[in-house]
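Asker: According to TrEMBL, the record shows the following:
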{"type": "DISULFID", "residues": "Cys153-Cys189", "note": "disulfide bond"}
{"type": "DISULFID", "residues": "Cys332-Cys369", "note": "disulfide bond"}
{"type": "DOMAIN", "residues": "36-177", "note": "domain 'Lysosome-associated membrane glycoprotein 2-like luminal'"}
{"type": "DOMAIN", "residues": "219-358", "note": "domain 'Lysosome-associated membrane glycoprotein 2-like luminal'"}
{"type": "DOMAIN", "residues": "378-409", "note": "domain 'Lysosome-associated membrane glycoprotein 2-like transmembrane'"}
{"type": "SIGNAL", "residues": "1-28", "note": "signal peptide"}
{"type": "TRANSMEM", "residues": "376-399", "note": "transmembrane segment"}
Amino acid sequence: MVCFRLAPVPGSGLLLLCLVLGAVSSYALELNLMDSENATCLYAKWQMNFTIRYETTDKHNKTVAISDLGATTYNGSSCGDDQNGPKIAVQFGSGFFWIVNFTEETSSYSIDSISFSYNTNDNTTFPDAKEKGLFTVSDRVAFSVPLNDIFRCNSLSTLGKNDVVQHYWDVRVQAFVQNGTVSTKEFLCDKDKTLTTAVPIVPTTVPSPTTTPPKKEKPEVGSYSVVNGNGTCLLATMGLQLNITQDKVASVININPNTTNFTGSCHPQTALLRLSSSSIKYLDFVFAVKNENRFYLKEVNVSMYLVNGSVFSIANNNLSYWDAPLGSSYMCNKEQTVSVSGAFQINTFDLRVQPFNVMEGKYSTAQECSLDDDIILIPIIVGAGLSGLIIVIVIAYLIGRRKSYAGYQTL
């Protein structure tokens, strides 16, 4: 954990910010807000990202994912006073503002409202935006937590309004901290309560063979992207089908891109695309650079909730799929299988991905997979076969005609 002690925030004392390093460290935040007596008054630790849809000048809709917050400031964060409650204010990127307000009641406090502002004048993040300016969406949360309890919600929470979707997870927050000591008593969100109280699955004592999953239709193709401070840094288009085997029961799940959230991060040697939904806590695709001139899919991690209430988690950081030169994209239109483990495989359809060196938000020239090469070879082989057959027929015809001509000379 790397901590930075910043200058005093007016009206609130000292602000201590800790960035928790990890695979997605760019948006894992920990905030310890202190009052004028150097005692903690508000504590928060959370992860978040945003997706924004906007209309372009050519009347198309584009969606951008904001996950790498970049340089972050906290001007306006406050412990509160007699007139105003505590507030977390975060500024990041080129014109993004995120504010959370808290209010106190007799025996509880409320996460009162959350507002998020973005600026479409930023042509790097919002290229070809039709409407320019600063836009703000505000959501009334009004979620009540007992005083002296810390609110916890590891599950994914989503707020959606006016083409903006906000995602939060691994949240821990306590406003109105008493005596400068953060509580150890947790108040859980409803989703975490469900996971905590889930009835355990007791396996049968009679062994049974692995069931064959039912045939599933081809999944819908989705488009995903990751944006950092320099614009779009990762592009992916694919239909995804998950094959899971647990307790000898096989199941097939198609990912619906219309209900799937996406985020990620980009770095010089690695890039991350993270998908999530109501049933998928995270599905991570981690790309890496090798030999300084190629990229490949190195790692896949998944954690999701199955229909029986259990949690299915698998990780493999020793993969080697989707290999292509840096500066190009990888494409495979035919069905391809990424084998993460014996219990988890991913079938991809109409795949195209570029995790590095994206220029102007567009794919570079694609390197096609060997499966697609077979598609190209088939008409070539058929054409060559037909050409050879025509040549044989022509030669046979000429030989036959020559013999006939020789016969007439004898007569």
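Residue positions begin at 1 at the first shown residue.
Backbone N, Cα and C define each Cβ position, glycine as well.
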Asker: May I ask for the distance between Cys153 (disulfide bond) and Cys332 (disulfide bond), taken between their Cα atoms and rounded to an integer number of Å?
Answerer: 38
Asker: Counting every protein chain present, what is the number of Cβ atoms, excluding its own, within 10 Å of the Cβ of Cys332 (disulfide bond)?
Answerer: 22
Asker: How many Å separate the Cα atoms of Cys189 (disulfide bond) and Cys369 (disulfide bond)?
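Answerer: So the Cα of Cys369 (disulfide bond) lies 45 Å away from that of Cys189 (disulfide bond).
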Asker: What does DSSP give as the helix, strand and coil breakdown of the domain 'Lysosome-associated membrane glycoprotein 2-like luminal' (219-358)?
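Answerer: Each residue of the domain 'Lysosome-associated membrane glycoprotein 2-like luminal' (219-358) counted once, the result is 3 helix, 98 strand, 39 coil.
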Asker: So how many of the residues in the domain 'Lysosome-associated membrane glycoprotein 2-like luminal' (36-177) end up helix, strand or coil by DSSP?
Answerer: 0 helix, 88 strand, 54 coil
Asker: Provide the number of Cβ atoms within 10 Å of the Cβ of Cys369 (disulfide bond), excluding the reference atom itself.
Answerer: 20
Asker: Here are the disulfide-bonded residues: Cys153, Cys189. Which has the lowest count of other Cβ atoms within 10 Å?
Answerer: Cys189
